[in-house]
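Notes to accompany the following structure.
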Amino acid sequence: MIRIRFGMDVLLVVLLATCLLTPAHGTPLEWDFAVTLRTKIQFMDSSWQTIATAAHEFDELSALTFDESEELIYFNDLKHRNGSIFSLKRDLIAANHVAEQTIARTGNESVGGLAYDPLNMNLFWSDTEQRKIFFAPIHGSVTPKVLVDLSAEGGRPDGVAVDVCRRKLYWTNSNVTHPTVERINLDGSNRTVIINSDIDMPRGIVVDQLSDRLFWIDDLKGVFFSVESCKLDGSDRQVVLKDKHHEPLNLAVTNDAIYWTDRTTRAVWSHPKVPVIKVTTTSKPEEEDSTDSTDFKDPEPVAEDCPLVRVANLSEEARGIVVRTGFYQRLQKDHHCASIVRKVKERVVEQNRKFEIRSMLDQKIKVLEDERCMNGGEYRAATDLCICPTGFKGSRCEIRECHNYCVHGTCQMSELAYPKCYCQPGFTGERCELSVCSGLCLNGGHCRVSKDENEAPSCECPAKFGGARCEQNSTEICSLFCRLLKHEPEMYVPFGCHSICEELAQDNSTNIAVPQYEHLEVCLTPRVWTSSVIIILVVGIVSSLLLVAVIVHGIRRLYKPKRPRIRKTFVVRKQARTNSAGDTPLTNRPLATEQCEITIENCCNMNICETPCFDPKLVEQTLSKSSCKEDKKILIHNMEDDLY
C-alpha cells in the first residue's frame, strides 16, 4: 500500500512538472501585444502573429491596461449588466484564461481610458458620460472615488495614463471648445494644465518611462490626425507624425516605435518615435493573419513616402492596446524608478510566499519550478513566469541576448538592457554586419582599412588603373591622346601614356576598344556641317532673298512716275467753207458762229484704254433715250463725222 501511494506521488509530481514546463496551446506565455476588439482580446507576439484570444463572453470591450508585475490585464465592457471593469488572468491548471469582476457597475458608466498603479494597486479610469476621473483599489468592494471632476467646467476626460515613478496621473480633455492635456498627483493635489494650445481633440495618452516623455493622439479637424510628444512637464513639444483617413483611439509605446489602433481600417499601425514633421504616407497592408481574416479597403495614400506601417489586420473594430515593456527589467537602475521597482518587487515576493505549500510533494514541485528559470531568473509561482536578469530572455531565461547578435564585433548590454555592438575596424551597421570595403574598389582594386576609425578606407589599384575607387582605365584614356598624337606629334601627352602609345602602335590599335568620353571630346575635330546647320542655313538664305525682293518691289512702286494726263480738243463745225480750194475740214477753222469746241480729258480709243471718249453734254441729252452701248456708238460715229 505504501509502495502504491509512493508511486502515485511520483507520477503526480511528474505530471504536474510536465504541465508546468510545457505551455498549452492557445495560452499566451510570451505575448508582446494585446489588443481589444469588440468581442475579444487578441494576443500577438513581436512579429504580430496571433497566438491566442480571450474574453469571448463579452459583447462591447473598449479600454484595457496591463499589470506587468502580476501578469493581469484589466479591461472594460460597456454592455455588461453587473460589472464595469474586469481582470483577466491565466489558470495554470486549466491552461486557459479566467475573467473576474474587479469594479462593479454603479450606473450608466462609459469608460474611456484605463490606467493601473502597481505600487498602490489602484485602478484609474475616465467616465466620458459623467465627465469625471475615478479610482478604486483592485481588492475589496470599495466604492470608487472621484479624483478629478470636469463636469462643472464642461470638460470631457478621455485617455488616462499613470506615471508610476513620479506618482502622477495624466489625462486628455477632448472637449473641442477647450481641449487640454493635464496632470495631477495620485493623491489628488497639484492639478496642472501642461498643453492647451494648437490641439483639437486629444484621445489616447501614454507615459514612456524609458524616454521620460508623453505621447498622445490628436484627432484633428477634417480627416486628419496627429501623434505628438512632449516632456513630462509639457516642454519640448514635437509632432511625431501627421496623416489622414484614420480614427485612432489608443496607443502604446515601445523602445523605438509607436503603435495605435484605428477603427476605420480595423488595423494596428506603427511609426518610429523619431519626430517627422512632413505628412506621412500610409503604406500597403501586410498579409492578413490566418486567425482573423476580413475584407478591408486601404486608406487613400498621401504625397510622400514615410515609415507608416500597417502591422496587423483585425477582424473587428480595433480599440485598446497594451504592450509588454519589461518595466521591472529596464528601469532597475533608473534614479526615478529604482525605488518604486524595488517596492513592487518586494510586494510581489511577499505575495508569492503565500502560494508556497509546505508538504513534501509541493516542495518537490517547488524544486522543479525553481529549476525552470535559468541564468539567475526569478520564478513567479502566481503567474508561472520567469523574470529574467539583464542580458537574458525567453520563457526560462535560457536565451542570452548577446548570443550571435554581433556579426563582426563585441556585444554589450546598454543601460536600458538592450544589446549593443562595438564593431571591429572595417565593419559597420547596427550588428556590425556591413563591411566598409563592400563594393568600394573596382577593377580588381584592393581595399585598405586604416587603424584610425576616423580615416576612410582607401583602394590600392592594379597596373593601368587609377582613381579613388580604381574606376579610371589609363589604357583607354591614353588611347585618346594616342589617336590625336598621330596628327599632332608635338601635342602634350600625360605622363605614362608614351609607353602605352608605343604598344598600341605595335598592335595597330586593333585590340583596343576606344571609349567615348564626353569630357574629352574637345580634343577631336568638331563636325561643322550637320543636318541642323544646313537646314538653318538654307532657310536663312531663302528668307533673305524674299526680304530683298519685297524691298525692291516697294521702292519701285514708291518712285514710279505718274502717267501724263491726256487732254484733247476737237473743233466741230456745221459746214466747210468753199472759198478756197485747199481748205479741208482739218485745216480750215470754222467760223465762230458755226463751230464749237469739245475738250476731252484722259480718254483714248476704246480698244486701248478703259475711258471712252464722249461729249458730256450730248450724253446728258441722250441719257434718257438710249442705252450705254448706243451712247458709245453715237460718240464714235460723231467723232468720225467731225474728223473726216
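In case you wondered, yes, glycine gets a Cβ from its N, Cα and C as well.
The model shown is predicted, which means the values in this text are computed figures rather than measured ones.
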**Request:** Among C461, C478, find the residue that Swiss-Prot gives as the disulfide bond partner of C470.
**Result:** C461
**Of the candidates C388, C421, C423, the one sharing a disulfide with C406 in Swiss-Prot** = C421
**Request:** Could you measure between N175 (N-linked glycosylation site) and N108 (N-linked glycosylation site) for me? Cα positions, answer in whole angstrom.
**Result:** 20
**Prompt:** Given the recorded positions N82, N108, C402, C411, C421, N473, which lie within 10 A of C459 (disulfide bond) by CA-CA distance?
**Reply:** none
**Fill in**
Other C-beta atoms within 10 angstroms of the C-beta of C402 (disulfide bond) total 16
**Request:** Pop the Cα-Cα gap between C461 (disulfide bond) and N473 (N-linked glycosylation site) into the table, whole Å please.
**Result:** 10
**Spatial neighbour of C421 (disulfide bond) that is closest, considering only the recorded positions N108, N190, C437, C447, C470 and their CA atoms** = C437
**Request:** Specify the nearest of the recorded positions N82, N108, C470 to C441 (disulfide bond), where nearness means the distance between Cα atoms.
**Result:** C470
**Asked** C-alpha of C461 (disulfide bond) to C-alpha of C447 (disulfide bond): distance in Å?
**Response** 9
**Asked** Using DSSP, how many residues of the repeat 'LDL-receptor class B 1' (121-166) fall into helix, strand and coil, respectively?
**Response** 0 helix, 24 strand, 22 coil
**Item:** Site of maximum Cβ density within 10 Å, from glycosylation sites N82, N313
**Value:** N313
